[in-house]
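Chemist: Let me begin by handing over the structure; questions about it come next.
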């Protein structure tokens with residue numbers, strides 16, 4: 001068999017397993033690495049169940065999350081796969097964006113069918129904008145009755161459709177992660193069938209460099225004789241010397257200017273791109289006019305807003321969060337990209353209060369406008385201490 005080698009030009013896709021506790025997310029993740037290791041050993045190391053299950057903890061926006069990262073390759077693509085073992089870890093990951101997903105494999109045990117967390121995970125996936133979900137109907141070896149499996153499949157499809165995913169069309173693949181992990185060839189083939197479905201159906205993500213330019217401003221200083229420089233890490237897109245840009249946020253109106261120089265590590269460049277830490281020299285703008293918390297963008301692509309709806313996770317006391325609940329008109333700081341802005345919280349109708357450890361929807365009114373799009377993530381802070389994390393789901397004004 002010809003050796004497949006790691007090609008830089010293979011598309012890179014972020015994927016994850018979601019679903020109810022004990023339905024087999026982690027076993028499936030391990031089984032995928034085993035089956036691919038057996039098929040293309042030079043491309044894929046095998047990652048045993050224990051390694052994924054004992055995922056290291058990591059911090060995202062001040063929140064500790066246990067999450068496992070494994071990598072593997074099919075013939076078509078290179079995948080980074082995340083598996084959050086605990087339900088709370090999954091919720092926190094989705095809201096903080098510790099690991100972004102271009103697509104998700106919803107794991108449902110054929111023996112149980114959809115359970116409460118199955119629904120909650122799908123709802124969250126929609127709210128945080130996971131573009132595509134397909135289904136692994138796991139433990140299929142344990143159900144002999146074809147009618148029962150068909151019924152479970154129908155329930156899962158209805159659940160996906162209810163959350164505006166194309167439930168009628170998504171692939172539902174019957175697998176036994178445990179049997180595949182134990183080396184059963186027939187069930188191993190079903191894992192390959194699942195991966196083929198992932199290859200074929202999860203869309204190629206838009207590359208960060210293809211998106212419109214945006215750089216959050218971290219610092220501003222003036223260089224005598226040259227003008228004002230703003231520094232930061234380019235979040236998306238590319239910037240070329242002599243391109244027009246706007247500075248958006250904090251102020252009522254955007255400031256228009258031209259980038260006359262791009263500098264990285266004290267060297268002048270023609271272009272800066274997503275991921276680069278750069279200094280941008282800007283024409284005709286005084287240092288006092290610009291501040292941290294504004295963003296530099298391609299003109300007309302991003303607007304400043306003060307009112308939005310969000311899905312948030314509030315840290316539990318054990319995680320270093322609040323010890324007490326909060327109520328309507330709670331006024332914390334909202335930390336967007338590089339700066340804190342105070343905002344007033346309105347809770348959904350019927351929600352009296354929010355307890356530490358809860359996730360909830362809320363409306364927020366900021367005292368200063370911030371450049372935002374739906375999907376923007378933020379931390380909720382009190383006196384510099386993180387007490388929650390959230391994601392903008394809808395912008396009002």
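A Cβ is built for glycine as well, from the same backbone N, Cα and C atoms used for every other residue.
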Chemist: Among 3-10, 11-18, 19-26, indicate the range for which Swiss-Prot gives the feature region 'G1'.
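Modeler: Region 'G1', as annotated by Swiss-Prot, spans 19-26.
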Chemist: Of the ranges 138-141, 142-145, 146-149, 150-153, which one does Swiss-Prot flag as region 'G4'?
Modeler: 138-141
Chemist: Could you check which of 79-82, 83-86, 87-90, 91-94 is flagged in Swiss-Prot as region 'G3'?
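Modeler: Comparing 79-82, 83-86, 87-90, 91-94 with Swiss-Prot, region 'G3' matches 83-86.
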Chemist: I'm validating the feature mapping. Which of 57-61, 62-66, 67-71 is tagged region 'G2' in Swiss-Prot?
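Modeler: Residues 62-66 are the ones Swiss-Prot records as region 'G2'.
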Chemist: Using DSSP, would you call residue 87 (GTP binding site) helix, strand or coil?
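Modeler: Looking at the DSSP assignment, residue 87 (GTP binding site) belongs to a helix.
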Chemist: Would you kindly list the residues that approach the region 'G1' (19-26) from elsewhere in its chain, counting only those six or more residues past its ends and only Cβ-Cβ distances under 8 Å?
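Modeler: Cβ under 8 Å, 6 or more out: 49, 52-53, 68, 83, 85-87, 106-109, 112, 114-118, 121, 136, 138-139, 177-178.
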Chemist: Can you name the residues of this chain that are 6 or more positions from residue 22 (GTP binding site) yet have a C-beta less than 8 Å from its C-beta?
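Modeler: Within the chain, residue 22 (GTP binding site) has Cβ neighbours under 8 Å at 109.
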Chemist: What is the number of other Cβ atoms found within 10 Å of the Cβ of residue 140 (GTP binding site)?
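Modeler: That number is 20.
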Chemist: Average pLDDT across the region 'G3' (83-86)?
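Modeler: The average pLDDT of the model in the region 'G3' (83-86) works out to 82.
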Chemist: Which has the fewest other Cβ atoms within 10 Å: 25, 87, the binding-site residues listed?
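Modeler: The binding-site residues 25, 87 were compared, and 87 has the fewest Cβ atoms within 10 Å.
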